[in-house]
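**Student:** According to Swiss-Prot, the protein has these features:
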BINDING   ARG8, ARG60, THR91, LYS155, ARG257, MET258, ARG259  GTP binding site
BINDING   CYS15, CYS19, CYS22  [4Fe-4S] cluster 1 binding site
BINDING   TYR21, GLY64, SER115, MET189  S-adenosyl-L-methionine binding site
BINDING   CYS252, CYS255, CYS269  [4Fe-4S] cluster 2 binding site
DOMAIN    1-229  domain 'Radical SAM core'
Amino acid sequence: MNPVDYLRISLIDRCNFRCQYCMPEGVKLDYILRSELLTDDELLTLIKAVFIPLGFTKFRLTGGEPLLRPGVVQLVRDIAALPQTEDLSMTTNGFLLSRMAKELYQAGLKRINISLDSLNQETFDKIIGNFGASKWQQTWEGIQTAYEVGFNPLKLNVVIIPGINEGEIEDLAALTIDRNWHVRFIEFMPIGNRELFSDRAWVPSEEIRQTIRQKWGLIESTIKGNGPADVFQIPGGKGTLGFISQMSECFCDRCNRMRLSADGWLRPCLLNETGQIDLKTALRQGIKTTELREQVREILAIKPNINYQERESGTQTGTYQRTMSQIGG
């Protein structure tokens, strides 16, 4: 198993989109009270006194939608300024990027992943649960702005949902031909969206690869990331195609990450909900960071067992209690 040096940090569980796979329609969401969110000071304390001493050097800011977090640019600046920070990135829906991308880049954010599940305005709005004025154009402009200010690599995250956007696989893959963009197809997961998942199921990565292969051919890329994606290229293309196959092709041996929710729960495995520890409450109760560090060290020691043996028994009820937006997936 890879060294665990990567922490995904959810800044907020709220979002200005309501994507079906992340915040399912009809599911009642109990949003975290602002007073229960980790404050900037608490988060920086945990990073500096708990995670960095244990070897964490790569940090990704997620949500919900992280750009809704008040003061997010200053938080980026503070994390980027830590001498041990080797990599600081963000996952966003892109809607606010057209006015925030430059400031984020100048603050020290160098890599960005943007969710883009459709190039069709109507389909895009359907997936994100938007019934008012379309949000497609502003999102697309945000992607363009992020690339123009210098984010490299710029990655686009795509979840293919049967019967909704599976007809766009070729169009989305084609974005990598003339642009140095990296499109990543992520298999749809049954976390907090059991009804939609049961209704729609998922498209295996190999089926997506085969669709692309039949159109243009597909070769393994010499560009490799530091995560679970299998990386390919369309011959002659400038960008890459990544496939994250958490449903069809177990990659637990390559896992190098943990997740910290916006309210301070540390989750060692995305699929395991029972092995989490509550760092925020302990911190607010005055537990020393040295003790918290030892608790995290213990979780690190058993993470391989959680990944390999407890991956499929990650809930006590058989149903995940939190949605992707609440976990910071």
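Each Cβ is built from the backbone N, Cα and C atoms, and glycine gets one as well.
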**Student:** Which of the binding-site residues ARG8, GLY64, LYS155, CYS252 has its Cα nearest to the Cα of CYS15 ([4Fe-4S] cluster 1 binding site)?
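**Tutor:** The answer is GLY64.
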**Student:** Check each residue in the chain of THR91 (GTP binding site) that is at least six apart in sequence and keep those whose C-beta is under 8 Å from its C-beta; list them in sequence order.
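**Tutor:** Non-local contacts for THR91 (GTP binding site): ARG60, LEU61, THR62, GLY63, PRO66, ILE112, ASN113, ILE114, SER115, ASN157.
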**Student:** Quick one: of CYS19, MET189, CYS252, CYS255, which of the binding-site residues has the smallest count of other CB atoms within 10 A?
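**Tutor:** Among the binding-site residues CYS19, MET189, CYS252, CYS255, the sparsest Cβ neighbourhood within 10 Å belongs to CYS252.
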**Student:** Can you figure out which of LYS155, CYS252, MET258 (the binding-site residues) comes closest in space to MET189 (S-adenosyl-L-methionine binding site), comparing Cα atoms?
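**Tutor:** Minimum Cα distance from MET189 (S-adenosyl-L-methionine binding site) across LYS155, CYS252, MET258 lands on CYS252.
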**Student:** Which whole-number value in Å describes the distance between the Cα atoms of TYR21 (S-adenosyl-L-methionine binding site) and ARG259 (GTP binding site)?
**Tutor:** 19
**Student:** Which of the binding-site residues CYS19, CYS22, GLY64, CYS269 has its Cα nearest to the Cα of ARG257 (GTP binding site)?
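**Tutor:** Closest by Cα: CYS269.
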**Student:** Output, ordered by sequence, the same-chain residues six or more apart from LYS155 (GTP binding site) with a CB under 8 Å from its CB, or 'none'.
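**Tutor:** Residues satisfying the criterion: ARG111, ILE112, ASN113, ILE114, TRP181, HIS182, VAL183, ARG184, GLY242.
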**Student:** Near CYS22 ([4Fe-4S] cluster 1 binding site), meaning Cα within 10 Å, which of CYS252, MET258, ARG259, CYS269 (binding-site residues)?
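**Tutor:** Of everything listed, nothing lies within 10 Å of CYS22 ([4Fe-4S] cluster 1 binding site) (Cα to Cα).
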**Student:** By CA distance, which of the binding-site residues (ARG8, CYS19, GLY64) lies nearest to CYS255 ([4Fe-4S] cluster 2 binding site)?
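**Tutor:** Among ARG8, CYS19, GLY64, ARG8.
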